[in-house]
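According to TrEMBL:
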{"type": "BINDING", "residues": "85-90, 137-140, 172-181, ASP207", "note": "FMN binding site"}
{"type": "BINDING", "residues": "ARG297, THR533, SER594, ARG595, LYS600, VAL601, TYR602, VAL603, GLN604, ASP637", "note": "NADP(+) binding site"}
{"type": "BINDING", "residues": "ARG423, ARG453, TYR454, TYR455, SER456, CYS471, ALA472, VAL473, TYR477, GLY487, VAL488, ALA489, THR490, TRP675", "note": "FAD binding site"}
{"type": "DOMAIN", "residues": "79-223", "note": "domain 'Flavodoxin-like'"}
{"type": "DOMAIN", "residues": "278-519", "note": "domain 'FAD-binding FR-type'"}
{"type": "TRANSMEM", "residues": "20-42", "note": "transmembrane segment"}
Amino acid sequence: MGDAGVESTVSPPESTAQDSFFSMTDVFLISLITGLFTYWFFFRKKKEEIPDLPKIQTVSSPARDSSFIEKMKKTGRNIVVFYGSQTGTAEEFANRLSKDAHRYGLRGMAADPEEYDLSDLSRLSEIDKSLAVFCMATYGEGDPTDNAQDFYDWLQEADADLSGLRFAVFGLGNKTYEHFNAMGKYVDKRLEELGAQRIFELGLGDDDGNLEEDFITWREQFWPAVCEHFGVEATGEESSIRQYELVVHTDVNMNKVYTGEMGRLKSYENQKPPFDAKNPFLAVVTENRKLNEGGERHLMHLELDISNSKIRYESGDHVAVYPANDTSLVNQFGEILGTDLDTVMSLNNLDEESNKKHPFPCPTSYRTALTYYLDITNPPRTNVLYELAQYATDTGEQEQLRKMASSTAEGKALYLSWVVEARRNILAILQDMPSLRPPIDHLCELLPRLQARYYSIASSSKVHPNSIHICAVTVEYETKTGRLNKGVATNWLKNKVPNENGRNSLVPMYVRKSQFRLPFKPSTPVIMIGPGTGIAPFIGFIQERAWLKEQGKEVGETVLYYGCRHEQEDYLYRQELARFKQEGVLTQLNVAFSRDQAEKVYVQHLIKKNKEHIWKLVNDGNAHIYVCGDARNMARDVQNTFYEIVAEYGNMNQTQAVDYVKKLMTKGRYSLDVWS
């Protein structure tokens, strides 16, 4: 680019009397150019030969251990279960399926597609009785999970012949989302298109219903299909097989013990960019204020300092934070199980060939594991109950645990009512079953990992380049058993007081990029719909539009539909929004107070009131529509309202109106950032 502005200049001959001089000069120049060209030619050839050396590409391959085929051959495995997992559930299901295999005289391994070369799928037929299973979660609006992105890209571009591959797919999704189980459906369809043989039907798990039951139901039909296909039989009942062995460290250098780091040891003491899921940045909390003026709930605005982190974000991105479990809950494990939580230990994988050496960073203490690494607040899945049943000394309690872990209709109903609907976490189960006292190391092996929580960023990097803002509501509710359950992350964030007792409050975080983006042209109108904490990304959007206006850019109409329960209680960012409206940045501010009158009023009702203006903005002004918040009800109701507006003002029937809105989505003009 730097050479683009350099002009070549040619000087005209000064007089014909200098012809002889120029001819001598010409000879000299030609000789010089020829010499330079010859030198360049040979130098260039040597330089070009370097990338063609075959060994260069193979140097890094062994480090990645990218051939799962070679690994399966080496370890005698014939079933590989790949997982696309964002929150750990798909990985957990993959581990359960790989452990199941031994019951049928087969050997399985769970595998992260990010760690292997998936083009090797065409070679799986080299292994006798081989099968590839895919547990694929869908993230966001029909997207692959982070660890399955490369696999998804490969599938889209691949022209491989997979005719020797036998496969099955179980998808994990949520029916409240527009693109339910898109990733599972795509993998199932695409593998068949590439010639692979499906040996069992696609399973579609719904997290809005009972994902665990969906998985169990699919699994109990999947294995008989595998047996029939390969001509094998179950060798016995499901049994408890430990995956990790406990090593207690009595004499250990504490500098080599993990204290909550997600990846590299001492990474919180010696921070090095780039920052991501395995290397979060410790951001200082500079502000934590309550947003609502009344009511029982606690809505808060936090500001995280990202100075000197080299972290970059855009309006609409998500910030992921790693929370910690409540200290009082952690202490109760030590009391109930009679364990010294400060014991330093490691859980080492019994399968020495596995890429996953430990279930969480080791060596560490039980206290650290239960505080930073393990999910102790969600109801445990049925496989955990099955494994724990052996430790219940009371036969009634043991039978109840085994029944809830079974695939019988009675067992499923009991699990649903006693665990899921009662919101019994593992601590509550230990409290309600006095004879159940498992070894703490086995409990730590069974519990899923504590996951990062994602929040829509409530700021613009144009205005706040060194700060990321979060808007959140604390989760707190009473269960059917009378217990008070609290959301892990929101209650942890609530207690992050800036500069408390002269000490910084720190939050491990990283940024996850999003497709939720303002239009490229500032002059394009935007319609933003975000009740409750769904307003978060729109605070960033409005800040950015205000900044663009200050820069002298032409900014299109900026319309906000916001909703809350009561005007005097939980009207979030009231002063900021009023100021934006007064300055003309926010051209329309429409607020629905759902419970300030006898009849409830929601954002979709206000949209209907302004339907003609909405239609003009969308159809004539090419406006972009953004919806953020609850997926189960609000997002669906808003979408139905748009169908009605399009049908009425576009003179279309229902089918045409739906198609019109779907095309807006395809073009990136109707964007969703929703959760259930």
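Numbers here mean position along the shown chain, with the first residue as 1.
The backbone N, Cα and C atoms fix where each Cβ goes, and this holds for glycine too.
For the pair VAL488 (FAD binding site) and GLY88 (FMN binding site), the C-alpha distance works out to 16 angstrom. In this structure the C-alpha atoms belonging to TYR454 (FAD binding site) and LYS600 (NADP(+) binding site) are separated by 30 Å. Cβ neighbour count for SER456 (FAD binding site) (all protein chains, 10 Å cutoff from its Cβ): 28. Within the same chain, residues at least six positions away from TYR177 (FMN binding site) with a Cβ under 8 Å of its Cβ are THR138, GLU141, GLY142, ALA631, VAL674, SER676. Overall, the recorded NADP(+)-binding residues ARG297, THR533, SER594, ARG595, LYS600, VAL601, TYR602, VAL603, GLN604, ASP637 cover a maximum inter-Cα distance of 25 Å. Here the C-alpha separation of ARG297 (NADP(+) binding site) and TYR477 (FAD binding site) works out to 10 Å. Residues belonging to the domain 'FAD-binding FR-type' (278-519) score a mean pLDDT of 96 in the model. Helix, strand and coil content of the domain 'Flavodoxin-like' (79-223), in residues and according to DSSP, is 65 helix, 35 strand, 45 coil. For GLY140 (FMN binding site), the nearest neighbour among the binding-site residues ARG423, SER456, TYR477, SER594, GLN604, judged by Cα separation, is SER456. The Cα atom of PHE180 (FMN binding site) lies nearest to that of SER456, taking the binding-site residues ARG423, SER456, SER594, LYS600, TYR602 as the candidates. Across the fold, the C-alpha of GLY88 (FMN binding site) and the C-alpha of TYR477 (FAD binding site) stand 24 Å from each other. The separation of TYR602 (NADP(+) binding site) from SER456 (FAD binding site), Cα to Cα, is 21 Å.
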